[in-house]
Structures are given as structure tokens and as C-alpha cells.
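According to TrEMBL, the protein has these features:
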- Cys2: active site, for GATase activity (ACT_SITE)
- Asp98: L-glutamine binding site (BINDING)
- Leu231, Val267, Ser341, Gly342: ATP binding site (BINDING)
- 2-185: domain 'Glutamine amidotransferase type-2' (DOMAIN)
- Glu343: site 'Important for beta-aspartyl-AMP intermediate formation' (SITE)
Amino acid sequence: MCGILAVLGCSDHSRAKRVRVLELSRRLKHRGPDWSGLHQHGDCFLAHQRLAIVDPASGDQPLFNEDKSVIVTVNGEIYNHEELRKQLPGHKFRTGSDCDVIAHLYEEHGEGFVDMLDGIFSFVLLDTRDNSFIVARDAIGVTSLYIGWGLDGSVWISSEMKGLNDDCEHFECFPPGHLYSSKDRGFRRWYNPPWFSEAIPSAPYDPLVLRRAFEQAVIKRLMTDVPFGVLLSGGLDSSLVASITSRYLANTKAAEQWGSKLHSFCVGLEGSPDLKAAKEVADYLGTVHHEFHFTVQDGIDAIEDVIYHVETYDVTTIRASTPMFLMSRKIKSLGVKWVISGEGSDEIFGGYLYFHKAPNKEEFHRETCRKIKALHQYDCLRANKSTFAWGLEARVPFLDKEFINAAMNIDPEHKMIKRDEGRIEKWILRRAFDDEDQPYLPKHILYRQKEQFSDGVGYSWIDGLKAHAAKHVTDKMMLNAGNIYPHNTPVTKEAYYYRMIFERFFPQNSARLTVPGGASVACSTAKAVEWDAAWSNNLDPSGRAALGVHISAYENQNNLANKGVEIEKIIPMDAAPLGVAIQS
């Protein structure tokens, strides 16, 4: 994984332009501290900042085919690269990098090869024989990518917005699952799974099929030549990932290089009850456990850095990115280069608490489709950029193409939350790993209620952010919010505070348009707000906004407070940790 920057078809071929591209590429150096590369061919520049994970000795980029007529700069991990190499007899590979197959696949299959790649990726491929190029992004948008256009007719590509925002007349997010071709001067979707049409599936639920599909998704991601980790928060998703990793690690090449003993690391607000849950999971899996604590003030002090790196003003994303940003720095300091994370499960299985109010299976399924399609703007963006701020890669097995197909093909009736039948959120995932003979997790962890990431690190974290924002944004400022910020007008002081910081770093209109907006409750889409009339008066992305569902819902806290009850003695306000299990 790495940071990529490409300037294609620019009118200026001078030494000064090369220097400028190098300067912009250095803005992405945090993503790839191990090596920098730049290749110029005529009016095209391809730059690369490498985080070396597979073949660190010889896999530097840009990459080439045999005669160097095809040039590739890529940010990604291709998990099936060994199988693809076998399908390319007669080709000579220059490196052992998993990404080395891309140029050769293009030679054999043209632009149609992208769907053959099993992994996460963003790449630019230049064919010097006719000076054409293609750009592609992975299916869901796990890797971040932007595209921009210069007044001189140039096309710009960058892993982060900061690599092109000062030099493009217009720029935008590169859509996931798409390919851009210079020959067509436009996008086309290469990723077209059955679920994308939002048609209601009807396949029966088979717990063992779902279990095996997810186990394979985790196992294939254990491809590495460097130390790695597994994020462990004590919640269902990260605990399942850690459990599967520990169960199958011993038989992998990674274990041969680095051993099969896991060390677990977690970070959270001191006194968090979820620190206890994370330690319990770590003890159950047999890891050596380490804890790190951060304070609300530590998080507040990091907000500006987080917004600069994550490149958003979305409230939910910033709330969750900040502890993940702090965690990633500690993990990287231990010599770890990548981690496996649990993003995507809630979108696929309807794990957010507002799904309790889904009126029927059709609406439930359509909402999961909408959530998956939007992941690149929210959780994928957070997981990618808050970790890469410190040169740490995040891999997300729940967003494996094959696993998504398996999970989204199940009749959504099986995903519906039915409390009277004992079916809580993500019931089909929990049941798939409920093995009495060889348990994956303790029962109470397997059936624990969902905590959103920003809630899970401690309810006092969000409350502290709101209080801090109130000190910097006045009531008078809020009265003018619609005039100052007519697009995605902030409706809370917290949102206004984040927007001020974002606009200072990224003042262009194109930048503000890259951030999604709209009404949301407990991380819902705007459409799902219609499921409950009460939600329209309580539009907050926190899981506690799911009134009548979350055990610590705002309404419950308010009722207790009105009765003079000291809330913190009943509901501990400092919740979940962030953590990671690493291989020693």
C-alpha cells in the first residue's frame, strides 16, 4: 500500500513541473515512508510513496512490463496475485510484489482485466505505445482516490485530496468500482454485482456457508512480509476477526516468518468498561495484552490533524477517526505496518441500531445496499486515512468481494431484527459463529449489543467534543451558518467547528463537495430517517440517538437526569477501547 500521484497530459514538461509533482507527492509521504518513486514519460508524471509490505526489498514503484512500455503506479494489495501469475505463462516479472501482475494482465486482457483482481487497489496505468492511460479503484472504495482536471487539459490522480486540490480547476472523489479511460474521457463501472440493483434476494440462510466465506476472507488477508495486527475493540466484529486470525494463523506463511503468537493492544478512555471486554477477548484467544489510555483532551488536541489527514467535515467520521488516529500512532511505533479491521459488517448485516425500526425486509435490504455504496465516504475513508496518517495499512475482510456476494444474496428476512424471537442486530452473523464444540468467542461477547465506534470509545468522548465546540462557536455564528456555508449547512455547533477547520485546509468549492450531507440518525441514510417520525427531531449520528433501541439512549439519560439520578453510576459514560492484536 502507498500513496500515488499522477499528472497526465500536462502542457508543461519542464524541470519545474517535475519539481512541482515531487513537491505534491511529498504531501503523501506519511502514506508511504519506505520509498519514493517518480517516472516521467513525455507529458505524464507517475509518482509513488511506498509502504513496503509484500516484497519490501524489490517491489518499489512505479512497476513495468518487460519492455517498460506499460507503466503502473498502484496503491493496493492483490490477494490472488500468485494465482494470476500462473495464468500469465511467458511473462517475466521484475519483482515479487503482488501488484506486479497488473501491467501484464493489461497486456493480455486490455482494460477488461480489472475484475480479475481480488483485493483492494487504486492504480494508474500508462500505455506509452499510444500514450493512453486508465485509472481504476477497488469495488467498495477501501483505498482512497481523487481525480482532478487542470486548465491545461491535464488529468490529475491522487490518493488524497491534498495532492491535487491546489493545482486543479475542479476535482472530486474517484467513484469506487469504476474505471476511467483516456480513450473515452469518462468513467465506466467495472464492478456490477447482483446486489447493486437493490433487487430483493431470496437465497436461504446457511450458517456454515456464511462462516466459511468470512473465514476465507480473513485468511487471504494474512499475506505479508512484515509484522501485522488485528484491531480488537471487544465488540462482535473485531473480536470475530481476531478469533479467526488466531485460529488459522499457525498454518500461514506469515507464521513461518513472524511466529503465531499474538500480542493484543488496546487504547481507550481510562475506566472504560469495554477495556475489560477487550482484555477478556484477548485472554480467551491467548494473546499477550497491553493497554494504552488517552484522555478527552488528547483527542481534542488532535482534531485539527485528524481533519487535515481524513479530509472531511462529517461529524460521525471525525468523532470516530480521532481515537483511531491516536491508536494508529501507537501501533506504528511498535513496528507494526498493517492491521485487519472490522469495517463493513454493520452495513452488510444491518448492524446499526436504527435497523430495529426497518418496516419490512425490502426496506431493510435497500438500506444495506445504500450503506455499502456509501462506505467510501464514511468508514472506509476513516479506516484508510486515519491509519495511513502514520504509515499504517488497514485491511477489511468484511468488504471482501466474494463475502459481500455471499452475505448480500441471503433473503433479508433472515437479517431482520426481531426482539420477540431473540434475534438482535447481526443475528445471522452471530449464529454463524456460535459453535458449541469449538467456540470462537464467549457467548456474551458474541451476543453483545452494537456500539458505534465513536460511542464505543466512551460516551464522554462525544459529550466532550460538543462542549469544546460550544466554546468556539457562538449562537450568533449559528444564526448565519446558512449564509456562510450554504452547501451542507452545519446545524450544530460541533459540525460548525469542524467545518471551520476543514475550510481552512481545503478552501476550494470542489473540496466541500466531496463530503456527503443530509439528515441522519444513528448513522442512517436520509431515506431511513423516514422509518420513525420521532427521529426527525433527534438527528444525531450517535448510536444513542436510536431512541427506544440503545440501552443508553439519550431519552433514557434525560429521563434519569430529570429524576435526579446520577447517570454515570447507572450507565458508565466511558465506553469501548480501540485495540489491535499484533503478531510477534
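Note that Cβ sites are derived from N, Cα and C of the backbone, with glycine treated the same way.
Minimal Cβ crowding within 10 Å, among the recorded positions Cys2, Leu231, Val267, is found at Val267.
Largest Cα to Cα distance within the recorded ATP binders Leu231, Val267, Ser341, Gly342: about 16 Å as a whole number. Cys2 (active site, for GATase activity) sits 18 Å from Ser341 (ATP binding site), taking the CA atoms of both as reference points.
Around Glu343 (site 'Important for beta-aspartyl-AMP intermediate formation'), the same-chain residues at least 6 positions away in sequence with a Cβ under 8 Å from its Cβ are Leu375, Asp379, Cys380, Arg382, Ala383, Ala394, Val396, Phe398, Leu399. For Val267 (ATP binding site) paired with Asp98 (L-glutamine binding site), the C-alpha to C-alpha distance reads 32 Å.
Around the Cβ of Ser341 (ATP binding site), a 10 Å sphere holds 27 further Cβ atoms from the protein chains shown. Over all protein chains present, the Cβ of the residue listed as 'L-glutamine binding site' has 25 other Cβ atoms lying within 10 Å. If you take every residue in the domain 'Glutamine amidotransferase type-2' (2-185) and average the pLDDT, you get 94. You'll find the Cα of the residue listed as 'L-glutamine binding site' roughly 21 Å from the Cα of Ser341 (ATP binding site). Residues within less than 8 Å, Cβ to Cβ, of Gly342 (ATP binding site) and separated from it by at least 6 positions along the same chain comprise Leu231, Ser233, Gly235, Asp237, Ser238, Leu240, Val241, Val396, Phe398.
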